[in-house]
């Protein structure tokens, strides 16, 4: 046969197979759509049982209800609620077979009350009874009453498609779903019934439910003197299986490694209470590693001028105090805005005059100190009788004599000689 003919034949074969596969999928989808329609019909039937009735003249209502019960008005109301507007397949099937619904409603309902059976199975033939499959609704393996012997699902069950083959439930295997899968054992078994139960977690294969019924132990387990499978404690091995700064946790048949707490230098478990030793910057307090506050040590750790200490977890850092910024490793006075509303206090020609400058936008004038003299050393009066305006959150720039005024959080300013509140 020429090569071109062979290729053509293969393409034809693939096309036919694809049609068959697509047809099988379509058959299953048609049955699913049909079942959805008949289920919704039953719901609509129930919903409209006594619609618009329930009070007043009972005898009159009963006469009207008798007419409404099998009326075309009620049928239309039910049909309108069968499908979502977005479901093309559902709406198409209802439109295509609308006459069948009318026939069943007016002529077949009394004799065939099961709409799904009459419409989907017997009339348009897209479904089969439960436990059967295929074009002729053949019984599934194990019979229609117990497909796959009750231990699996029959392919195509209830549809006109499928192969009828069994997909077994967990714990079962084989063509008929009667055999027990790995790590399961058969508690009961005959030609039509099988009950499989799970082995103990330590077993690969077994004859019963305990760890003494194992034929073989799983990885992570070993046989003891009584021939029972017991867990291997990997964490007790020397050397231990975990890395430095990790601790080992034994589990059934295995183990896990977790990182030690940051406060530990080596550990035997989680948290700062299981440290073998404390990490740098931490100390042992009653068996628990806690942070050392270096900023509270007797010897200052931040020794540069205008620095302050900030404690961190396991360490500390030195930073410039408020009103200062770091430049080339040195804390220097921050530049002040030229357009400051308050501006510097009035200066004099005397080079010894102390100065106060506004440092933040939140500076407020405290009028009660407007004319209070500010001492500069041991309570003495300022040179030339200078009076200073007291500003909160302001930074003092010392004069030649090196006097120091310190702003604090509550708005106080002090120097070695005077504390204004």
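Note: Cβ is positioned from N, Cα and C throughout, glycine not excepted.
Heads up, TrEMBL stuff is auto-annotated, nobody curated it.
The range from 331-352, 353-374, 375-396, 397-418 that TrEMBL describes as region 'Disordered' is residues 331-352.
There are 20 other Cβ atoms within 10 Å of the Cβ belonging to residue 168 (disulfide bond). Counted with DSSP, the domain 'EGF-like' (136-178) comes out as 4 helix, 11 strand, 28 coil. Helix, strand and coil counts under DSSP for the domain 'EGF-like' (291-330) come to 3 helix, 18 strand, 19 coil. Other Cβ atoms within 10 Å of the Cβ of residue 177 (disulfide bond), summed over all protein chains shown, number 25.
Averaged across the domain 'EGF-like' (136-178), the predicted model reaches a pLDDT of 96.
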